[in-house]
Amino acid sequence: MEQETPEKVDSAQEKVRGKSQPADDSEDSREKAGTEGTGELTEAYELQVAEEMAKEIKKKIRRKLKEQLTYFPPDTLLHDDKLGSEKRKKKKKKKVPVPAKPETSPSDVCDSAAEGEQKKEGAPEGSHHREGGCSTEQNADASVPENTKPKPKKMKKKPKAVSEDNEETNGDGVHEITGRDSPVHPKCLLDDDLVMGVYIHRTDRLKSDFMISHPMVKIHVVDEHTGQYVKKDDSERPVSSYYEKDNVDYILPIMTQPYDFKKLKSRLPEWEEQVIFNENFPYLLREFDECPKVILFFEILDFLSMDEIKNNSEFQNQECGFRKIAWAFLKLLGANGNANINSKLRLQLYYPPTKPRSQPNVVEVFEWWSKCPRNRYPSTLYVTVRGLKVPDCIKPSYRSMMALQEERGTPVYCERHRETSSVDTEPGLEDSKEEVKWKRLPGQACRIPNKHLFSLNAGERGCFCLDFSHNGRILAAACASRDGYPIILYEIPSGRFMRELCGHLNIIYDLDWSKDDRYLVTSSSDGTARVWKNEINSTSTFRVLPHPSFVYTARFHPATRELVVTGCYDSMIRIWKVDAREDAAILVRQLDVHKSFVNSICFDDEGHHMYSGDCIGVIAVWDTYVKVTDVQHSVRHWTINKEIKETEFRGVPVSYLEVHPNGKRLLIHTKDSTLRIMDLRILAARKFVGAANYREKIHSTLTPCGTLLFSGSEDGIVYVWNPETGEQVAMYSELPFKSTIRDISYHPFENMVAFCAFGQSEPILLYIYDFQVAQQEAEMLKRYSGTVPLPGIHLSEDALCTCPKLPQQGSFQIDEFVNTENNSSRKIQLVKQRLETVTEVIRSCAAKVNKNLSITSPPPGPAKKPRVKQSFVLTTDQIIHQFGVPQTAFISIERRPFMRPVDPPPMVVALYDYTASRSDELTIHRGDIIRVFFKDNEDWWYGSLGKGQEGFFPANHVASETLYRDSPPKVKERSPPLTPKEKAKMEKPPASRKSLIKDRFLDSRLGSKPMGHSEKGRDQNFEERGHKSDMEMKKSEPTVRKVTLIE
């Protein structure tokens, strides 16, 4: 080591005095200037300030140099010099000869350190200085004046890297800091509350080796002086394990979890694991003689199978049956005195020696570092070392994962009992002990929510489906954003954001809670169904259920949360066993009864029966009884009970199925704009019309009491019916949705409902029933009871109990309602008026769907005209009846269009044959007459053949009737001539069509089947079906709403 002479120290002191000399001269000049005149006072003041600054600099330099004596005693310097000289003898590269100098006193060492820092600042950035050279803190370096330039030295250029503890000039063992932070001196880390944490990030791609399948990292904490593991600061303190024995007085090594290439489908190891050593962190960073000089060694290992150990004798001698892949090292304190902590470091990996010379009582990896040549491995390891503050309370676990975590076990029956009870402890909530008092009493009939509660964020693209948990405390929403498709959990009733569950790569079609609300299952078009744990800190996927195609539905079995049933695009129903004690989900059975893709699955409350619906209108009923003690054996005995194939919706996709709360009826939502509730005993169904649904997947729902039916629509309106009578009792027509309302969920314990839509920036809306709003309405109706209509009354929409609170106010018009006499003629007249009103409503709905139904149509722009203001026409006697019997009576809110003639849909004639290539397309033949419902774009139109067949067809394959008549003979020859019946159908006046519509609807309302007219034949039935579809598609004219009640 190069030593400094007293002459050199004196020269350094003269350099320091050199700056103070101009200050003395300036003081004499200042005194002379003061005698000359007051005009030179300013110059004298400046000189005085410069003198004081020079004195401060001298004091600061002396203080910094004295501090170095405490950190670099002469014995340590001599010891390091000897070690460095031994290693320099082994180097093959040439170095510039440095003349030897005699030993110096401690003061000489301080001056030498000061001059070394001046040379260091003058050197270019990234250069490597001699090993063993003393360095001071960076603050002292910045304060040392540079009056003289150091002599240039010839140095070999090296790759740009930050060498913190490099012991050789050739760069072996370079530790590169990827996150450039300012160096940390151990002096700054004197907080005794910190423990050492080593974060293992990842490696670069490892060398291709088929024998490496699940690598892991083993971390050793070794003392450089002794070659042994570092002694504990407190021998009784557990450092690596919670159950360390008292006789273990050193720090045991710790290993990370293995990274399974096959399971994680990646050959780039990314552990991202925090390893905690419960040792005093400042103790490992001190530089005193009695403190250890710590080196961290990292071994990348892979465990061997028993067959490999038995068949290969070379493996039998290796430690613990591990295959050693590579190793790296890191000094906590570098050669420059700075600590390699609080930043991400990149460590060079080395091959382990082929024939290691293992000695007893010596750490093997330390022998590799100190005595064996280092052969670089073509990869690096990324780590971060930092001090961690231990939390005050660490929750015990069944298996301790760190030295601070207690291991506590409980009997199996206690664990199952606690997990199955969801009343006392509500899962996934931080304030689970806080009880929420719901307003709806047990057994009380549900009310129609009439007040807007709040809106929730659903991402940039809206929400596709949502569902309340069984305890009512969490709302799960399957949303879509620019970056992915997260499941967002909101706390109810506060609406507070809880967490996001990220993992799906495409639209989430369905979600379902387990019976105890501890698990959530979702199905997506990315080909997977995922099971999530409902825990406070759990945001990753618990189990993944892979499928060959889109997964449309997924449900937990009500009897056990270990069974998950999924419906897929490949027409298969799969039953999975999801057990927390096993690593992966098990596919128990596949059911292949359906001939088309399965859209919906549901269970009854006991789980004895399962119902599945597909795309061609077939509903299968299954016997699904399960024994909790033997789940897999019970699934093998599942059988199909019967298949429901109704002619009314044959070939129509089933969008959603739900069992009525009484367990004897089934809600069937199909894509023909009709909802049905079927009695499962006699298979008789009641229809509910009004909601438009021809293309989108929409979910409807029944309230927990079974007295209300909610359904969304493609026109952005929510419809409410009474399932017992089939009457439409309410309608949310002013919701701020621009897209189809996809899903509705009613709260299990509160008169609360949630709506969602899948579209650009569509929110999640929550409405709640407010008794005060209903009471204000009742008082208003009593005041105007029996009077003539008062068109000038304007009230807030909150005043109507069945209408939600909206951002705009609507006008309410009170009409007189005269009690009718009990004569049959008067009743028939009212029924006819009622039917005419509903007929006009359906036509108005169809017109609106013509404009907004297409999924490929662009969103409404800013130039689009706003929806016309709607008003309510309240009938007095009917509303009084509603409030007189609130449990049984329901309000019917309907829309009445302005009385104007409705043009019939245009008719076109097919010029060429076309075969449908998708399920939503229409197969046409030459000469077919097609009724056009709407034009999706210039190339594709939507229409019906009049045979109950509807779908899209190419616009260039058809021509209008007038163009067909005027077309040249060559074109007509390519198409067959129209039959007399088809010509009569085309020439039939609109008035007769209207009468057919009215008769057809009258028959359906009275519950009777349409009468077959033999004289009109088959073509007339086709005509009636076509007009019915036309009525259900029209809904665009400006409308008013009328509140009526038919007893």
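Backbone N, Cα and C define each Cβ position, glycine as well.
Per Swiss-Prot, compositional bias 'Basic and acidic residues' is recorded for 1-17, 77-86, 116-132, 173-185, 964-1003, 1012-1040. The region 'Interaction with HAP1' annotation in Swiss-Prot covers 1-285, and the record cites similarity to another entry as its basis. For 87-96, 150-160, the entry in Swiss-Prot reads compositional bias 'Basic residues'. For 458-500, the entry in Swiss-Prot reads repeat 'WD 1'. What Swiss-Prot lists as repeat 'WD 2' is 503-542. According to Swiss-Prot, the feature repeat 'WD 3' maps to 546-586. What Swiss-Prot records for 692-731 is repeat 'WD 6'. According to Swiss-Prot, the feature repeat 'WD 7' maps to 736-777. For 903-963, the entry in Swiss-Prot reads domain 'SH3'.
Taken through DSSP, the repeat 'WD 1' (458-500) splits into 0 helix, 22 strand, 21 coil. Secondary structure of the domain 'SH3' (903-963), assigned with DSSP and counted as helix (H, G, I), strand (E, B) and coil, comes to 6 helix, 27 strand, 28 coil. Counting residues per DSSP class in helix, strand and coil order gives 0 helix, 20 strand, 20 coil for the repeat 'WD 2' (503-542).
Helix, strand and coil counts from DSSP across the repeat 'WD 6' (692-731) read 0 helix, 13 strand, 27 coil. Residue counts of the repeat 'WD 7' (736-777) by helix, strand and coil are 7 helix, 17 strand, 18 coil (DSSP-based).
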